[in-house]
Amino acid sequence: MKPDTFMVDQNRQISIGGVALAYLAEKYGTPLYVLDYETIVHRIKDYQDALSELTPPGQAFYAGKAFLCQAMAGLLEQHQMGLDVVSGGELYTALQAGFNPERIMFHGNVKTREEIAYALTAHVGHIVCDSMDELERIEEEAARIGCQAPVLLRITPGIEAHTHEFIRTGQFDSKFGFGLADGLADRAVKRALTLEHVLLKGFHAHIGSQILEEDPFILNAETLLRYSLGWNQSHGWWPEVLNIGGGFGVRYQPGDHPPRLTTVVSAINELLHELTPKELAVPRIFMEPGRSIIAEAGVTLYRVLVTKSVPGGKRYISVDGGMGDNIRPALYQAEYRAAIDGKVGQDNMETVTVAGRYCETGDVLLKDIALSQAAVDDLLVVFDTGAYNYSMASNYNRVPRPAVVLVHQGQDYLWVARESYQDLVRADSPYAMTLAEFR
Ligand SMILES: Cc1ncc(COP(=O)(O)O)c(C=O)c1O
């Protein structure tokens, strides 16, 4: 909903982590991503406490795709979290920050040979395998390196989570993983068990994102368990680990009611102990929360640069950021809440559409929302932007990406510097060189 340390003073100005947002905007410029340390740590502890109630204790792996930089990896390491990475770049970021590779889960539905080799030589704790082709590639790379790859097979359990269609991944026709219905998962288990350099550790299934119900998560764990029982019968093999993915929703809007983690975890604990045959060890449960750790910790600050009313009465305010720093409204019609700093709680609300600065009609951050009357130079604060904003940011229109600042107990810490124009051209070849290639 908002960072845990959100406060409004008598001047209607907002502070987070004991730091005034107006001060941060002056110091670092806008747009600016601000993250609250306390909120991140509270959410991490929620997962760790809930999963420690399981026997055997579970483990949470933060999904780096939601937001990752070296400092974030360092914070996660400090709190002994696991980390789910989906590319060589995320893996590199974590390793550079000194993250323990044993607590890294290497994901991705397409991994290059180089990425697989990188993960294996870095000794990551688990690799999640997504396809038959990849299974063979993992075997070949592990054989070449001379190691055994600890593998989870990604299963598509066919659970329909009620969320936006584009971020639903658990259906049978999903591009992700091995289907249960078409027998692919069964073939994958069979094949993995014959491979000399693959050590099959268990299964993974992620059913979607921003899920607001509890039942799909419980059903997901149950599906993995029941299929495991079948494979135990047919192949005499039993998983050490069941990874039920991420996807816990957050409260972007007042009507959003996130699922209760403790309810889900205790239901899964019951299932585990009811269904696991006495002679076998109860599998460990892994979870991969991204959004529910970081979304509410983040706000984005924008400067209002234009206000205008168009024929028909529609009122726009335009800000110095947009789809380059937050693609989610354009990509998923995601909705956010916002406030004008210094005017919080004023009566004179108006309905406005907040437009971005990018050259796309669809670059609209907030559609028809009630805001205090905004003027040029006001500071617009958009809430719950910690997840999938910075990590999905682009340089569209050659706009440098904003800085990321962490706040805690009245102090601010620069986590990621604002990109400069020089950064934008760093990887470009000068024109003369390009021309030489055509001669
Ligand atoms: C495999 C996997 N794990 C974890 C996550 C994190 O999901 P969320 O941020 O919704 O918790 C995702 C997100 O798409 C994912 O694809």
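Each residue, glycine too, has its Cβ placed from N, Cα and C.
DSSP assigns Cys359 (active site, proton donor) to coil, not to a helix or a strand. For Cys359, the entry in TrEMBL reads active site, proton donor.
For Gly247, Glu288, Pro289, Gly290, Arg291, Tyr388, the entry in TrEMBL reads pyridoxal 5'-phosphate binding site. Pro289 (pyridoxal 5'-phosphate binding site) is surrounded by 24 other CB atoms, counting those within 10 A of its CB over all protein chains shown.
Contacts of Arg291 (pyridoxal 5'-phosphate binding site) defined by a Cβ separation under 8 A and a same-chain sequence distance of 6+ are given as Ala63, Ala66, Ser209, Gln210, Gly246, Gly247, Phe248, Gly249, Val250, Ala387, Tyr388, in order along the sequence. Feature annotation from TrEMBL assigns substrate binding site to Arg291, Arg328, Tyr332, Glu360, Tyr388.
Per TrEMBL, domain 'Orn/DAP/Arg decarboxylase 2 N-terminal' is recorded for 39-295.
A 10 Å cutoff on Cβ-Cβ distances gives Lys65 (N6-(pyridoxal phosphate)lysine) a total of 22 other Cβ atoms nearby, all chains included. Annotation source TrEMBL lists N6-(pyridoxal phosphate)lysine at Lys65.
Taken in sequence order, the recorded positions Glu288, Pro289, Gly290, Cys359 that lie near ligand 1, meaning a CB under 6 Å from one of its atoms, are Glu288, Pro289, Gly290. A Cβ within 8 Å of the Cβ centre of Gly247, Glu288, Pro289, Gly290, Arg291, Tyr388, the residues given for pyridoxal 5'-phosphate, is found for these other residues of the same chain: Ala63, Lys65, Ala66, Ser209, Gly246, Phe248, Ser292, Ile293, Ala387.
Here Glu360 (substrate binding site) comes close to Met323, Ala330: these same-chain residues lie at least six apart in sequence, with C-beta atoms under 8 angstroms from its C-beta.
Taken residue by residue with DSSP, Tyr388 (pyridoxal 5'-phosphate binding site) is part of neither helix nor strand, so it is coil. Here the C-alpha separation of Cys359 (active site, proton donor) and Arg328 (substrate binding site) works out to 16 Å. By the criterion of other Cβ atoms within 10 Å of the residue's own Cβ, the least surrounded of the binding-site residues Tyr332, Tyr388 is Tyr332.
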